[in-house]
Amino acid sequence: MTLLALGINHKTAPVSLRERVSFSPDKLDQALDSLLAQPMVQGGVVLSTCNRTELYLSVEEQDNLQEALIRWLCDYHNLNEEDLRKSLYWHQDNDAVSHLMRVASGLDSLVLGEPQILGQVKKAFADSQKGHMKASELERMFQKSFSVAKRVRTETDIGASAVSVAFAACTLARQIFESLSTVTVLLVGAGETIELVARHLREHKVQKMIIANRTRERAQILADEVGAEVIALSEIDERLREADIIISSTASPLPIIGKGMVERALKSRRNQPMLLVDIAVPRDVEPEVGKLANAYLYSVDDLQSIISHNLAQRKAAAVEAETIVAQETSEFMAWLRAQSASETIREYRSQAEHVRDELTAKALAALEQGGDAQAIMQDLAWKLTNRLIHAPTKSLQQAARDGDNERLNILRDSLGLE
């Protein structure tokens, strides 16, 4: 039995190839059935995200194994083998285990240490459980990777610092406000960055969100997802006073929120502080707003400096995480080798018990026919001894004929000889 990990990711393949190799959720069961129909495959998990498609397999060793699996992948997706080979990586046993642990821990992600990948790996594993997981070693490898990812999160700072603009904006808000559950957040725009911000805020229990956008339809889709209210851009002046936090990211060529607008809002709020995070380029908030008392304005450049600092911290934490992965990989491979020995021990014991039962049955039959008990017992002991030492004796003789002293010593040790 061999463990394999093969696939492509954002580092080895462009999006034009990644999208062709991906497995859609509605076709995943069919793909797993097709994969497990391959004679060498004992168990399989398919991990398919926007940044990677990987197959994790338990297989029987055979000639041309790599070629057979690449051919299956190309046939399934109607791909040119040469195109795929240029971008494909292939990891076996120790390297496959280490790779999965690194993936689950976010060490192989586009955004170093991002937590979402662990959920994606868990879902891929759960999907494989629906009648497709047939190899206990593969199942154990995934369960181990989940505990390793948890350990990396617990024992290092790999996920402690924001390294995306959206996440950094939310982290800044959490640092300034003791609890986000009691604040009102105004989001200006409804593009990808604001979508990410809104989801982060929802995860941190923000109860009231207002989304202001040029087109109501796009904003409404996001609002329905996160439980927000939608307003027009023209309503910002009137509603700004309600917001404790304003996060803005539009494509407007001119500022949307001016100094006068914020002054009026602060007056209505009786100078309760406002946090304004402007992550738009060009800027959505007039820079002069930052000069107002109780208005705390941060630009995308401010966030980038936070991100750069945090990325350096994550890289330092990644060194610690790699040490954990190496240690856990070594422990898993030791367990795997022990499993192999356990199977050999079971076979050896079963063989010995079969010999014992066979000879005991013959001895009992002889006793029932009135044979001499002492002679029957001596015959049983002699035959049992000969049958049990026959195979080890042949191995010792062959090692001696070959002049293989190392094998002789191993056999002596195995047989408990001084």
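Cβ atoms are placed via backbone N, Cα and C, with glycine included.
The feature active site, nucleophile is assigned by Swiss-Prot to C50, with sequence analysis given as support. For C50 (active site, nucleophile), the count of additional Cβ atoms within 10 Å of its Cβ stands at 12 [all protein chains shown].
The substrate binding site annotation in Swiss-Prot covers T49, C50, N51, R52, S109, E114, P115, Q116, Q120, and the record cites sequence analysis as its basis. Sequence-distant neighbours of N51 (substrate binding site): residues of the same chain at least 6 apart with a C-beta under 8 Å from its C-beta are N9, H10, R18, S109, L110. Secondary structure at N51 (substrate binding site), taken from DSSP and collapsed to helix, strand or coil, is coil.
Every protein chain considered, the tally of other Cβ atoms within 10 Å of the Cβ of E192 (NADP(+) binding site) stands at 10. DSSP assigns E192 (NADP(+) binding site) to a helical segment in the three-state reduction. Per Swiss-Prot, NADP(+) binding site is recorded for G189, A190, G191, E192, T193, I194.
Feature annotation from Swiss-Prot assigns site 'Important for activity' to H99; the stated evidence is sequence analysis. Less than 8 angstroms from the CB of H99 (site 'Important for activity') sit A5, H91, D108, each of them six or more residues away in the same chain. According to DSSP, H99 (site 'Important for activity') is assigned to a helical segment.
Taking the C-alpha positions, the distance from P115 (substrate binding site) to T193 (NADP(+) binding site) comes to 18 Å. In this structure the alpha carbons, written CA, of Q120 (substrate binding site) and T193 (NADP(+) binding site) are 21 Å apart. Cβ neighbour counts within 10 Å, taken over all protein chains shown, single out G189 as the most crowded of the binding-site residues P115, G189, G191. Its own atom aside, the Cβ of T193 (NADP(+) binding site) has 21 Cβ atoms within 10 angstroms in the protein chains shown. Residues T49, C50, N51, R52, S109, E114, P115, Q116, Q120 are listed as the substrate binders, and the farthest two of them sit 15 Å apart at their Cα atoms.
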